[in-house]
Amino acid sequence: MAVNFLAPPPLLLHHSYAPPDTGGSIFSSNPTLIIAPAVIALLLLIFIACLLVYCREKPKNDIELNKKSLHGSFREVSFGDKQLSKCGSDVASSAIYSPDVRSCMYGGKLGFSMQTRNRGAQVFTYKELELATNGFSESNVIGNGGFGLVFQGILNDGTVAAIKKLHRDGRQGEREFRLEVDLLSRMHSPQLVGLLGYCADLQHRLLVFEFMPNGSLQHHLHQIPQNGKVYQPLDWWTRMRIALDCARGLEFLHEHSSPSIIHRDFKCSNVLLDRNFRAKVSDFGMAKVGSDKVNGQVQTRVLGTTGYLAPEYASTGKLTTKSDVYSYGVVLLELLTGRVPVDTKRPPGEHVLVSWALPRLTNREKVEEMVDPALKGQFSKKDLIQVAAIAAVCIQAEADYRPLMTDVVQSLIPLVLKTPGASLPTTPSRNYEAL
């Protein structure tokens with residue numbers, strides 16, 4: 001028999017649609033309508049009660065675990081605004097630190113060494129670092145910066161390290177120290193000096209870095225003896241490779257770190273050399289990641305070194321990544337000329353390196369006159385003109401006319417490729433292991 005799908009269900013065919021008898025109540029004739037809502041309401045109350053009990057009785061360990069999962073590793077610094085600008089002038093307004101770092105900063109338990117969640121940075125006790133440096137002996141001193149002494153030390157596992165002991169009454173306060181630890185722990189590039197660990201309690205603050213056996217570029221370039229050791233002049237190719245390493249270090253800070261980092265005190269003494277004379281950028285104690293922003297620029301008190309400060313930064317305190325580019329240009333001039341940024345012992349008109357060099361950098365006839373005498377015969381005039389052009393554009397008075405560090409890297413690579421054994425990376429500005 002065919003089924004008519006348009007017909008109403010058979011059960012409804014015999015159902016009366018007449019209104020219910022007004023002589024009786026609907027609820028009295030159907031008890032289910034009274035019981036069902038009551039049962040549903042009771043079940044709902046039981047469910048809510050169980051949920052409240054579960055939340056209150058949740059183990060504290062689980063809560064702590066959730067906190068660790070949120071704060072256990074260094075998170076990116078948060079911003080009040082949106083994305084970073086191309087020049088990297090936006091900076092962080094706040095930072096979140098791991099529990100290990102917060103404990104270390106405020107006198108937490110430091111009775112033992114432990115691996116933190118800070119991407120491999122190790123927490124040391126003061127006693128461990130004291131033993132590593134022979135009681136912070138003067139014979140172990142390898143540097144003296146604005147924030148404290150730097151000692152050479154040997155850690156428990158035999159690793160040679162540079163241990164920076166900060167002045168408690170120095171310019172670097174608690175906030176600056178936390179920023180430096182945060183920054184260094186997140187910065188991983190072959191062109192940046194790596195942080196191995198740190199120590200902080202109520203009395204001491206120390207940072208432990210990888211050791212750079214050939215000291216600073218300043219000692220080599222300006223023939224400054226260190227511990228009785230006199231360095232030999234650097235040849236042209238070594239200087240060009242150092243220039244490229246430095247450019248890549250700053251490029252990483254500006255373009256490949258999150259948030260973008262402004263070094264703020266890039267200079268010759270903050271360029272350290274490993275055993276193969278590969279350069280690494282150091283000293284992020286003054287790196288800028290937190291300040292008030294005005295029109296995309298950092299408003300801050302002026303900190304840095306005379307002779308390396310960009311004009312706009314020195315006069316107004318406005319800081320951008322282009323301020324680092326200017327400082328890099330000064331270092332490039334030092335590599336080219338062998339002169340220091342400010343030298344009052346020289347004749348009038350030659351005291352300030354930038355002022356003296358700028359008109360000569362773009363003059364093909366005079367450019368050779370400014371070259372370090374130790375470099376005679378080690379370079380072609382074509383290469384010299386290329387380096388001079390890079391330096392000239394980096395030290396432009398107007399920040400907008402200065403290049404990005406990525407552009408500097410691309411310009412220097414052909415010069416370094418002329419070094420015996422050098423090879424071109426697949427993606428030069430992205431491959432930090434090459435060259």
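Counting begins at 1 with the first residue displayed.
Glycine is no exception: its Cβ is also placed from the backbone N, Cα and C atoms.
A quick note: this is a predicted structure, and the numbers were derived from the prediction, not measured.
The ATP binding site annotation in TrEMBL covers Lys165. In three-state terms derived from DSSP, Lys165 (ATP binding site) belongs to an extended strand segment. Residue environment of Lys165 (ATP binding site) contains 21 other Cβ atoms, counted within 10 Å of its Cβ in all protein chains.
In this model, the domain 'Protein kinase' (136-416) carries an average pLDDT of 88. Taken from TrEMBL, the feature domain 'Protein kinase' covers 136-416.
The transmembrane segment annotation in TrEMBL covers 34-55.
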